[in-house]
Structures are given as C-alpha cells and as structure tokens.
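As annotated by Swiss-Prot, topological domain 'Cytoplasmic' applies to 1-17, 135-219, 288-329, with the evidence given as sequence analysis. Residues or ranges marked as repeat '1' by Swiss-Prot: 30-34. Annotation comment: Swiss-Prot describes 30-83 as region '8 X 5 AA repeats of P-[AV]-A-X-[AP]'. The topological domain 'Periplasmic' annotation in Swiss-Prot covers 35-111, 242-265 and rests on sequence analysis. As annotated by Swiss-Prot, repeat '2' applies to 37-41. Annotated repeat '3' per Swiss-Prot: 44-48, in sequence order. According to Swiss-Prot, the feature repeat '4' maps to 53-57. Annotation comment: Swiss-Prot describes 59-63 as repeat '5'. What Swiss-Prot lists as repeat '6' is 66-70. Residues annotated as repeat '7' in Swiss-Prot: 71-75. Annotation comment: Swiss-Prot describes 79-83 as repeat '8'.
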Amino acid sequence: MTRTQPSASPTPSRAWRAIAALMFSLVLAPVAMADEPTANASTPAAAAAPATPAAAPAPAADGSAPVADAPAAAPVDAPVAVDPGVEALVEDTTLGMAHDLSPWGMYKNADIVVKIVMIGLAIASIITWTIWIAKGFELMGAKRRLRGEIAQLKKSASLKEASEVSNKEGTLAHTLVHDALEEMRLSANTREKEGIKERVAFRLERLVAASGRNMSSGTGVLATIGSTAPFVGLFGTVWGIMNSFIGIAKTQTTNLAVVAPGIAEALLATALGLVAAIPAVVIYNVFARSIAGYKAQVSDASAQVLLLVSRDLDHQGSERAAPHMVKVG
C-alpha cells in the first residue's frame with residue numbers, strides 16, 4: 001500500500017490570506033506617516049503660546065485615530081505680540097538719546113520764546129563787557145591826565161600863570177581855570193571878596209558834578225543788566241519747563257530721557273541770565289569805586305583853582321591898599 005506524500009506548496013487559502021495582509025499593511029503605512037508630522041507640529045504651537053490656559057492634547061500617533069480629529073496648530077513663524085508700553089519706552093529712549101545736549105544744540109531745540117530770551121541775555125552780556133573795556137580805558141586815561149594837571153596847578157603861583165600852563169582846550173584844568181577867570185572878570189567892579197569866592201566856588205562845584213556825571217555815563221546800563229538779567233532768565237526757564245510739562249502730557253510718559261532735554265533747555269536760560277548779571281554787578285561796583293576816586297581828584301583840582309583865586313584877590317586888595325606918595329611943592 002503506497003502512502004501519499006504531502007505537497008510542499010501552500011494551499012490556496014493561505015496564499016490569499018498572505019496577500020490580503022500585505023495589501024492591508026501597504027494601505028495603513030501612508031496613514032501612519034501622515035499622522036506623525038501632525039503630532040510633531042502641535043508641540044511647537046503649544047510652546048509658542050504659554051499664556052493659553054489649557055493646551056489641546058496632541059493626537060495619538062497610531063493609525064486608530066482619524067486624521068480629521070487633530071486640532072488646528074498655530075503656524076510656527078507667527079509674530080509674537082509686543083506690549084505697547086515697551087514699544088513706547090524704546091521709542092522715547094531713542095528720542096531722548098537723539099537730543100544734542102550741548103549749549104548750541106539746546107539753543108537750536110528750544111522754543112522760540114526761550115530763544116528770544118537767550119539772544120537778549122547774550123546781547124546784554126556783550127554790552128557789559130564792551131562797557132567794561134571802553135569805560136576802563138577812559139577812566140585810566142582821565143586819571144592819568146588829571147594827576148599831571150593837578151601837579152601843574154600846584155606849581156602855579158597865580159591864576160594867570162595857571163591859565164598859561166593849562167592852555168590845552170578840552171582838559172579839565174583848562175575848563176576850571178577858564179571859568180574862574182570868567183567869574184572874576186564879571187565881578188571886577190565888586191569890592192566884596194567873599195562874594196567873588198562864593199560865586200567862583202559855586203561854578204567850580206558845578207563843573208565837578210558835571211565831570212562826575214560824564215564819567216558815570218554808561219554805568220547805569222550795568223546796574224540795569226545786573227538787576228534784571230536773572231529775572232529774564234527765570235522767565236525763560238519757567239516758559240521752557242511749562243512747554244516740557246505740556247510735552248509730557250502729550251506723550252503720556254514720564255521717562256527721564258524724554259523730559260530731561262526740555263528741562264535742560266529751560267535751565268540754560270537761567271544760566272545765561274546769571275552769566276550776564278554777575279559780571280555786570282561786579283563791574284558796576286568796580287566802576288563806582290573808580291569813579292568816586294576820579295571825583296575826588298577833580299575836587300582836588302577845583303580846590304587848587306579856588307586857592308589861586310583867593311590868592312589873586314588878596315594880591316589885588318593889597319595893591320589897592322598900598323599908600324601912594326604925593327610930591328608937594
């Protein structure tokens with residue numbers, strides 16, 4: 001009895017099951033590959049938005065979950081929202097650093113009223129130094145000439161001799177001697193010596209006062225600048241600070257980089273006021289003392305002329321009182 005050998009080839013049912021399994025695996029492979037990028041993309045979206053109270057869970061990577069159920073993920077390159085206050089702070093800081101804080105730069109950026117105040121104070125300062133130079137040379141020259149004229153008057157023995165010595169017109173000694181001679185000529189027929197002396201002294205006194213007024217001309221401007229320049233500068237400061245506060249209200253920020261340039265421009269006006277006022281006050285006091293010394297020298301010259309007048313009057317009286325010899329027979 002012969003035994004039948006089993007066939008080595010698979011049966012048709014097993015072959016079909018193997019083919020069906022292979023085709024099913026090929027169908028599920030694209031679905032699994034499509035689900036994996038979706039899960040990876042949802043992770044950066046959750047990290048980019050930490051302020052979200054509850055993040056949506058990432059879909060499962062297996063193929064059992066349908067693709068349509070995955071939540072929509074935010075794009076990775078979406079712009080991050082910036083706080084408006086931070087943007088304003090950065091912008092204000094940039095504007096503050098852009099200001100030129102040199103004196104010329106602050107002048108250019110100042111308000112028109114503050115500019116006018118600064119220009120006026122600068123002109124006042126120039127006037128102060130101009131008066132100091134001009135009046136200083138004038139006083140030094142006048143004092144030097146007057147010392148020489150007083151020395152010449154002291155060497156003179158009579159008013160006529162003094163007029164010959166001080167014959168240069170325009171000098172103070174010439175003016176004093178000329179007025180004294182004019183008064184003596186007008187009072188030639190007067191016998192009262194004291195009346196002549198009083199009239200000559202009065203005329204010399206007026207000349208001394210006039211010379212003092214002439215020498216003091218221009219110094220009143222120094223007093224005016226010294227007393228008003230600080231207040232003018234303060235006005236410019238108040239105006240500039242007022243504009244700074246208005247700018248603060250408009251920009252709605254108290255950042256020091258924005259506020260400081262406007263306040264610095266305002267304070268520059270006060271600084272210019274002090275620069276104009278302090279030298280004016282000092283120079284005015286120096287001139288006041290120097291002019292007082294000049295007036296004292298003029299008074300000395302006037303006293304010397306009055307001394308010569310008194311001497312001439314005494315000589316005239318002695319000549320009139322001298323006896324005359326009369327030849328008899």
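Note: Cβ is positioned from N, Cα and C throughout, glycine not excepted.
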Helix-strand-coil residue split for the topological domain 'Periplasmic' (242-265), DSSP-based: 20 helix, 0 strand, 4 coil
Helix-strand-coil residue split for the topological domain 'Cytoplasmic' (135-219), DSSP-based: 68 helix, 0 strand, 17 coil
